[in-house]
Amino acid sequence: MVTVALSTLPAKFDYGPQFKCVCQWKVLQEPKPTVAEDFFFWGLNVPGNTENRVGSNVTLVNVDRISGLNTLGISLARLDFAPNGGLNPPHTHPRGTEILVVVEGTLYVGFVTSNPNRLITKVLYPGDVFVFPIGLIHFQFNIAKTNAVAFAGLSSQNPGVITIADAIFGPNPPINPDVLAKAFQLDKDEVEKLQKLFENA
């Protein structure tokens, strides 16, 4: 009987719905009437500022920007890349798959599978589309001498992002350098230099 009941549940769900807080069957905050602005965002036509250490900018439109995305399981992003090496560094989305379309420039993109860590890469041109499966480490790198622009759809209203280098070398408080030295087969002083580099990243 339980098996039959469970088999009727949907196989797909959003990992991050923003449910309202209810106490004793009363909504704690009086809901406001829905308006058009709850479903609207302005500005994805505006290039992001790529003058930073990695030469890229991600403008994310998720449930924090459009409250109407709540429980819908989708979000969108614009990615801008500086010429000659603008990089969206290796990162992962723990709660969403990403589908990327290039609209300007040339991007070298890729992701790493789970163990045994196979690298899957492709060079993308305007109109090309590439998928990054949920939870896998991936990147986008501008290999052209011109700006590059891409748009990405994500299968969650709140996909999250973990930038790998920042997470390893720049958390607060820092990871014990002995742990990282052994994991990466580095000298402890090299690890401490990397931690210093990323502590204010």
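Glycine is no exception: its Cβ is also placed from the backbone N, Cα and C atoms.
Heads up, TrEMBL stuff is auto-annotated, nobody curated it.
These figures come from a predicted structure and were not determined experimentally.
As written in TrEMBL, here are the features:
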type	residues	note
BINDING	Asn88, His93, Glu98	oxalate binding site
BINDING	His91, His93, Glu98, His138	Mn(2+) binding site
DOMAIN	42-192	domain 'Cupin type-1'
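In this structure the C-alpha atoms belonging to His93 (oxalate binding site) and His138 (Mn(2+) binding site) are separated by 9 Å. Rounded to a whole number, the C-alpha distance linking Glu98 (oxalate binding site) with His138 (Mn(2+) binding site) is 10 angstrom. Its own atom aside, the Cβ of His138 (Mn(2+) binding site) has 23 Cβ atoms within 10 angstroms in the protein chains shown.
By the criterion of other Cβ atoms within 10 Å of the residue's own Cβ, the least surrounded of the binding-site residues His91, His93 is His91. Summarising the environment of Asn88 (oxalate binding site), the number of other Cβ atoms within 10 Å of its Cβ, over all protein chains shown, is 26.
Other Cβ atoms within 10 Å of the Cβ of Glu98 (oxalate binding site), summed over all protein chains shown, number 24. Sitting within 8 Å of the Cβ centre of His91, His93, Glu98, His138, and not among those site residues for Mn(2+), are the Cβ atoms of Thr92, Phe111, Phe132, Leu136, Ile137, Pro159, Val161. Same-chain neighbours of the oxalate site beyond Asn88, His93, Glu98, judged by a C-beta within 8 angstroms of the site's C-beta center, are, in sequence order, Ala77, His91, Thr92, Leu100, Phe132, His138, Gln140, Ala152, Leu154, Pro159, Val161.
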